[in-house]
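S.K.: Input: one structure, supplied below.
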Amino acid sequence: TPEDCSAGSSCTPTTISWEGTADIQSGDVLIVEIDDHHLIPSNYNKSTEGAHHTTTAVYQVTRLGHENCDITEGVLLDITPLVADGKKLVTLYDKDLTEGINLLIVVSEQWGQQCVRLKVTVKSDNCGENADCSGKGVCYSNNSMEGYECQCCSGFAGTHCEEIDACSPSPCTNNGICVDLSQGHEGNAYQCLCPYGYTGKNCQFESDPCNPSQCLNGGTCVGNSTHFRCDCTSGYTGPLCQHNLNECESSPCVHGICVDQEDGFRCFCQPGFSGELCNFEYNECESNPCINGGQCIDNIGGFSCKCTRGYTGKRCHIKVSLTPIALD
């Protein structure tokens, strides 16, 4: 490729090391130096019209012609080879080729049944007239790129590196995404889009998801920079303690009726049972309700008395007469 060959400047096209393939862009000049070790056997017939050359000639050929070094269906290019310092040189200008891949064969009578195969790719020039990329980059291409583009120096961006890149080098830490807010050379304002758990101009601070607490109904927030959980008070459930828990669904009252309350539940026990869960049977005989020597028998939800001779009633409190009655 050439140096800057703008009007008024003096420069010489650069000769590159030739291995059979090369990429050039619009405005480039490619000089190929041909040595004997570049020659390969040719299938073209020297007696064919137009194929007998006292000087070197360059043909643009098909893929098959390129593989077989055959110029039968090739197109002769209007290129004049040079001889400089005893070296055979072929000069290729972009105007002589088409954009894309150009398959070329160089033949000469002095080589006999031999030729040189060339593969030259002309790439689109996206650097335009600003070939120096505003002095802030280089016009560059590689094998994976379809054309030449400006690769900007650090701190610059844009098609021709004409803009100040406020995001270079990236000021955003902790994987924050930088957004350049400036246009052209108008300042270097930027904004960092911080990932969850970080805050600050450059995402440099860890955020506290528990400040303020997102837990409801008295729940306690426990967390770090990226995660949090809510430890709920009794009677509430859910990620944010937002649901009132019905403790009566599990039927905790063994011998009673469960009533759900805001902070728990309450059991109303059946007669004869006590305890927080109505799981203790009450012994009505503990208070010795049977008198006059009566024997107390504990029943579920009550008691009964087995009275001694001469007494009756629920508590053996009624005395009965044992005097026999005469019968007529």
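Cβ coordinates come from backbone N, Cα and C, glycine included.
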S.K.: Under TrEMBL's annotation, the disulfide partner of Cys150 is which of Cys133, Cys153?
M.R.: Cys133
S.K.: What does TrEMBL give as the disulfide partner of Cys152, choosing from Cys139, Cys161?
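M.R.: Cross-referencing TrEMBL, the cysteine bonded to Cys152 turns out to be Cys161.
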S.K.: According to TrEMBL, which residue among Cys269, Cys285 is joined to Cys278 by a disulfide bond?
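M.R.: Checking TrEMBL, the candidate bonded to Cys278 through a disulfide is Cys269.
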S.K.: Check each residue in the chain of Cys161 (disulfide bond) that is at least six apart in sequence and keep those whose C-beta is under 8 Å from its C-beta; list them in sequence order.
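M.R.: Residues satisfying the criterion: Cys133, Ser134, Gly135, Lys136, Gly137, Cys150, Cys152, Cys153.
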S.K.: I'd like the number of other C-beta atoms within 10 A of the C-beta of Cys258 (disulfide bond), please.
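M.R.: Excluding its own Cβ, the number within 10 Å is 19.
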S.K.: Tell me, in order along the sequence, which disulfide-bonded residues from Cys194, Cys248, Cys258, Cys307 have their CA within 10 Å of Cys269 (disulfide bond).
M.R.: Cys258
S.K.: Measure from the CA atom of Cys278 (disulfide bond) to the CA atom of Cys316 (disulfide bond) and give the result in Å, rounded to a whole number.
M.R.: 30
S.K.: So if I measure Cβ to Cβ from Cys241 (disulfide bond) and keep only same-chain residues at least 6 apart in sequence, which ones fall under 8 Å?
M.R.: Cys215, Leu216, Asn217, Gly218, Gly219, Cys230, Cys232, Thr233
